[in-house]
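As recorded in TrEMBL:
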type: DOMAIN; residues: 9-179; note: domain 'Protein kinase'
type: BINDING; residues: K47; note: ATP binding site
Amino acid sequence: MVVRKVGKYEIGRTIGEGTFAKVKFAQNTETGESVAMKVLDRSIIIKHKMIDQIKREISIMKLLTHPYVVRLHEVIASRTKIYIILEFITGGELIHNGRLSEAEDRRYFQQLIDGVEFCHSKGVYHRDLKPENLLLDSQGNLKISDFGLSALPEQGVSLLRTTCGTPNYVAPESRSVWG
């Protein structure tokens, strides 16, 4: 079996796949720490004119170090790929936990508020908060993930006013734009 490495990371199985990226399980060979490695193909990113969006997502993740936000470890770039190394979250998506007790609801909601408040204090607006983007770590704590649609105020008011997100989860006042 051929072991694939990128930098100090040994790459394992695919743990997620989206339109523009694969997420692989990887392990830091120096520390033994498990990480999630988001692998982006440069040619696809360029073809879909997503360079600015990827740069924005990385810049935003660098600003956010908080217990309830998925942590960015580092970014590694090659001629053909971009590797975004993230904290590995083992508890899965909150949406897959089924019906929660009132106490669990309160706990997760407080963690979500704390995480969102921190993001806003850094000038970061997620713009796609939904159960699929709320992960649970091994201790059962909530982690906000997927900052791909996020915006910063210095990027201009027009970006903050752009309608985006998942239709079933956007604020009601935004829905009128979609009809």
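From the backbone N, Cα and C atoms, a Cβ is placed for every residue, glycine too.
Within 10 Å of the C-beta of K47 (ATP binding site) we count 10 further C-beta atoms, all protein chains included.
Under the DSSP three-state reduction, the residue listed as 'ATP binding site' is assigned to helix.
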